[in-house]
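For reference, the structure is listed below as structure tokens.
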Amino acid sequence: MPERKEFEELEDDDGGGGGDDSSASATAEDKVTSEQAEKAVWIKVLLETRIVQVSNEMGSRKRGQRSISPVQSVWSKTSGGRSIREVSFGELESKPVRHGSRGADSEGFSASYKEINDDDARLIYINDPDRTDEKFEFAGNSIRTGKYSILTFLPRNLFEQFHRVAYIYFLVIAILNQLPQLAVFGRGASIMPLAFVLLVTAIKDGYEDYRRHRSDKIENSRLAWALLNEQFQQIRWKDIRVGQIIKVSANETLPCDMLLLSTSDTTGVAYVQTTNLDGESNLKTRYAKQETQTKNVENEKISGLIKCEKPNRNIYGFQANMDIDGKRISLGPSNIILRGCELKNTEWAVGVAVYAGRETKAMLNNSGAPSKRSHLETRMNREIIFLSIFLVALCTIIMIPISLYISMELVRVGQAFFMIQDNRMYDRASNSRFQCRALNINEDLGQIKYVFSDKTGTLTENKMEFKCASIGGIDYSNAQDSTEDGQIGNSVQGGGQVLRPKMKVKVDPELLDLSKRKHTGEGKHVCDFFIALAACNTIVPITVETPDAAVNLIDYQGESPDEQALVYAAAAYGFMLIERTSGHIVIDIHGERQRFNVLGLHEFDSDRKRMSVILGCPDKTVKVFVKGADTSMFSVINRSLHLNMLKVIETHLHTYSSKGLRTLVIGMRELSPSEFEQWQSSYELASTALMGRAALLRKVASNIENHLTILGASGIEDKLQQGVPEAIESLRTAGIKVWVLTGDKQETAISIGYSSKLLTSKMTQIVINNNSKDSCRKSLQDALLMWKKLTTDSSATPGGSRTGLNEVALIIDGTSLVYILDTDLEEQLFELASKCDVVLCCRVAPLQKAGIVALIKNRTDDMTLAIGDGANDVSMIQMADVGIGISGQEGRQAVMASDFAMGQFRFLVPLLLVHGHWNYQRMSYMILYNFYRNAVFVLVLFWYVLFTSFTLTTAITDWSSVLFSVIYTSFPTIVVGILDKDLGRTSLIEHPQLYGAGQRQESYNRKLFWVTMLDTLWQSIASFFVPLLAYWGSNVDGSSLGDLWTLAVVIMVNIHLAMDVIRWYWITHAAIWGSIIATFICVLVIDVLPFLPGYWAFFHIAKTALFWLCLLCIMIGALLPRFLIKVFMQYYTPTDIQIAREAEKFNTSRASQGVQIEMNEIFDPPRR
């Protein structure tokens, strides 16, 4: 549910806001007298009369809400050593809760709240699938995630593979080579490389699709209970039809999108886990309507008509009406359970299938992560186009290395293996290793310029811990200084067992002592505060057995880590939530169990930023407890009461926020009988409205949440993950700009920024918090002027430079972004943000996060990386060039949508600075080397064709031409691409500036490409003309010279590779020198086969000394110029990488002398 996520992110609102001081005219004495009289009347009404409800005629109401009957009894009973004081509000004591704001907010995600037209609706006849789908318009429940069928595999797979431009080129060359007039190689030899590549890729794609089909078959064959012939029978999932009644048992997965009809809970509540759907592991509640909850579908025939919206992807919205027993009932998201959810803590649930198969919301959202291609491969495609044009001028000879694609894929697999096996990226806390979910962008990790990070759960642990509270104007924040004995896990006795909270919380001794004095005025205030913490939530207490049979643990399950922390805190101070149903809760208050009837519950929504619960208390009063963000709460607090206390609490809140704590304000008000009756009737009308329901429910909630007495405020700590400050400092030193995009309040985000070293005291902060487009425009203009002024001042300073300029941090909130993104102000924001060293976006929505990433991605060639852990980070992760998911507390949806996944933010340092750098350097060199080794071979063929006047003959056999890229030279390329290291891990970590080589594209760029081609041209000339001149006028035939050219090129390209290898391993030696040996063996084998051309040619030429002299001269003539230029460049104009490499060689002596390595200054690349 989005409102819960919003609650976690937005509940820490800014302070401030006015209240209603209209009641200030009454004197304190008159008010007390009035309250006492009103209370007496209220008690009398409860004891002697029945409250009249406007909507009694409506019968059962939303989720079983019914009118209040007079109090039946006030009684005490003792059972099993437990004392329970209970007030029974007649039917209400066991009736479900009223989730007013849940409908308000979550239903707001649907298209609209208006009467659904028949043309825009799906009509479902309950328990009548034949009539429901009489026109066969609805999808069956069979799913298919496979891409291909037997008939479509070949054409579709080939179509997808030929999206690579090079493949089209290869195909054209192969076709031309089938024409005798244009043939250069044999017909089979020309088509074999392309056929091999296509075959390998097709086999891989086919196997992956086979696994998908196999998974689909297993899924479709699972069994479910469906109502057939008035009894439940097992059928396969794929046979379920829309309109059928389905029964699901505890811990089973929902086979389709199902509208709840009834559950094992008498109040119609069901608990579900949506991990498979949105990645969230906390339990969520769904409800059956009371009109259907009381029906037994096996014993009495149920029929009715459901009119719902057509299938859509919105997993948080659902709009429908149900006509049953002559009544029309409105339905919302809280009444539907989606396919893939698991039923938890509920014995069974019965519902009717409304969406099936590919029309379920889960399947409509199952589009997968967007396809991403590395920037290196994109740039490589441009070079291929240039080469294609060049080769057309050279009479169309194969020069583009088809083997390059296979080599790249194999190298990426090898790189991924070593990244996964890196123990420095292994998270012991979650027992998770690094995951490589996208193999085609490994090298992009070495070119990142921008990192966009979520805060909660990414920079922080998302393990909330209650740290302090401000109650009655007193700050209780000494828990951290308490002794170990103060770390109390409060326990209670019950049924011969001891119950303890699963998580312990440090307590403030003074506050703990005060909470026990509930008969004093101050103690009563504290008691109300902790009752609010224990009751105002949707937490479900679950009993967990321990090895000690006499002790059980209570595990508080809920949708929000904040709520869990607050409930655990209340339990630690003696207010332990023991039981929750939809109609009541039981709280053990210092050993005395008290039952509170839950008369209503308005959950958090993003408009109110509050949550409230209405309780029938044991003292026969009705109270509304409210908690929420400070701005939203201060606007509904009665400031005429305890004004001084309110100011003190505001001060405490500011202190908590400055420490990086997440804050909530707690308030309460006692309701009079008339107020409660007015709320109940208003709620009934709003919840059954068919038009404008969301707005009406919000209005009902807002009307009851006013004139509150402030109880206090809480501070919850979300600790930074280990190593976050050091990681951010390393990334920034590497020239990577780190932007934090969070839903938290500004003060909290800034505090985390300082503690994480994202912000420093020397930074100039530019803050943009505006509520209109015009004010945003002015703020952006002023900010740009400020930046220019800072630049001018820095330049005017003697020795001033960009590095001497004060660093600038931009802090902007989500409200401002509403008026900036997708408007003409975007360009100004980009101009400002790109000049800032740090950007901190507060209170941003998920789509705004993606918008910020797109702001940079669409305007620069800089590589972007987004990292997050929650479902609200998915759009940002998918928008960025590289998306990383954190396996955190908020589920796995971020991981499932990511390219890479890991357990901690700090792992970004070894991932980018080490593996990213290695991957980029290796892949860049491998691409250039592949172009070189193939081009030099092809140019030798070209010189031969040129000197034979294009006679269409060739000196090199077809088999040697094919084996050149398959056996002779491919294996060394792959080994070096996987294992070679230009620098060691220690150097890369200690000197993050070295990462700038990838950002500046030093290892692969157009200039380097054409320099390589010039070197290739020279080496091909040396390789061809040295043998040609040496044997000029001799009787050596073309086949013998062809063998010499083949061996010369193979030896030359392998020695060329050996000259560039930095780290030698035994497998590197075996690959390089073994390839040369393998080439000799293959040439020998080819030449001893009489049915192949060139029979015995090698033996004719190799027996002379001139043959071996030619090989030596070719090596010297071809490689010596390259060697000399390389030495000259490294000696006189060394790069940072080369300097650091030399430092590694003399690491011991340099360390002893304390020599520092000076790196080049990092500049931003030019914008486009």
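Placed from the backbone N, Cα and C atoms, the Cβ positions cover glycine too.
Copied from TrEMBL, the annotated features are:
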type     : residues                                                                                                       : note
ACT_SITE : Asp454                                                                                                         : active site, 4-aspartylphosphate intermediate
BINDING  : Asp454, Thr456, Asp869, Asp873                                                                                 : Mg(2+) binding site
BINDING  : Asp454, Lys455, Thr456, Glu563, Phe604, Lys627, Arg662, Thr742, Gly743, Asp744, Arg843, Lys849, Asn872, Asp873 : ATP binding site
COMPBIAS : 28-37                                                                                                          : compositional bias 'Basic and acidic residues'
DOMAIN   : 124-190                                                                                                        : domain 'P-type ATPase N-terminal'
DOMAIN   : 895-1135                                                                                                       : domain 'P-type ATPase C-terminal'
REGION   : 1-37                                                                                                           : region 'Disordered'
TRANSMEM : 189-207                                                                                                        : transmembrane segment
TRANSMEM : 384-406                                                                                                        : transmembrane segment
TRANSMEM : 894-914                                                                                                        : transmembrane segment
TRANSMEM : 935-956                                                                                                        : transmembrane segment
TRANSMEM : 962-979                                                                                                        : transmembrane segment
TRANSMEM : 1008-1032                                                                                                      : transmembrane segment
TRANSMEM : 1044-1066                                                                                                      : transmembrane segment
TRANSMEM : 1073-1099                                                                                                      : transmembrane segment
TRANSMEM : 1105-1125                                                                                                      : transmembrane segment
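Locations of recorded TrEMBL features on the structure.
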residue	record	Cβ neighbours (10 Å)
Asp454	active site, 4-aspartylphosphate intermediate	31
Thr456	Mg(2+) binding site	29
Phe604	ATP binding site	32
Arg662	ATP binding site	26
Gly743	ATP binding site	27
Arg843	ATP binding site	23
Asp869	Mg(2+) binding site	31
Asn872	ATP binding site	26
Asp873	Mg(2+) binding site	31
The transmembrane segment (1044-1066) in contact with the transmembrane segment (962-979), cutoff 8 A, at least 3 CB pairs, sep 6+: yes
Between Asp454 (active site, 4-aspartylphosphate intermediate) and Arg662 (ATP binding site): CA-CA distance (Å): 16
Seg_contact(the transmembrane segment (1008-1032), the transmembrane segment (894-914)) with at least 3 CB pairs under 8 angstroms, min sep 6: no
Cβ contacts the transmembrane segment (962-979)/the transmembrane segment (1105-1125), at least three under 8 Å, sequence gap 6 or more: no
Distant-in-sequence neighbours of the transmembrane segment (1105-1125), which means Cβ under 8 A and at least six residues beyond its ends: 1015, 1018-1019, 1022-1023, 1026-1027, 1030-1031, 1044, 1047-1048, 1051-1052, 1055-1056, 1059
Cβ-Cβ under 8 Å with the transmembrane segment (1073-1099): same-chain residues at least 6 beyond its ends: 957, 959-960, 963, 967-969, 971-972, 1037, 1039-1040, 1042-1043, 1046-1047, 1050-1051, 1054
Which binding-site residues sit within 10 Å of Thr456 (Mg(2+) binding site) - Cα, from Phe604, Gly743, Asn872: Gly743
Outside the transmembrane segment (189-207), six or more residues from its ends: residues with CB under 8 Å to it: 147-148, 153-154, 157-158, 160-161, 167, 170-171, 173-174, 177-178, 183, 398, 402-403, 405-406, 958-959, 961-962, 965-966
Those binding-site residues of Phe604, Arg843, Asp869 having Cα within 10 angstroms of the residue listed as 'active site, 4-aspartylphosphate intermediate': Asp869
Mean predicted confidence [pLDDT] for the domain 'P-type ATPase C-terminal' (895-1135): 87
Asp873 (Mg(2+) binding site) and Phe604 (ATP binding site), Cα-Cα, nearest whole angstrom: 21
Nearest-integer angstrom distance between the alpha carbons (Cα) of Gly743 (ATP binding site) and Asp873 (Mg(2+) binding site): 11
Distance, Asp873 (Mg(2+) binding site) to Arg843 (ATP binding site) (CA atoms, angstrom): 13
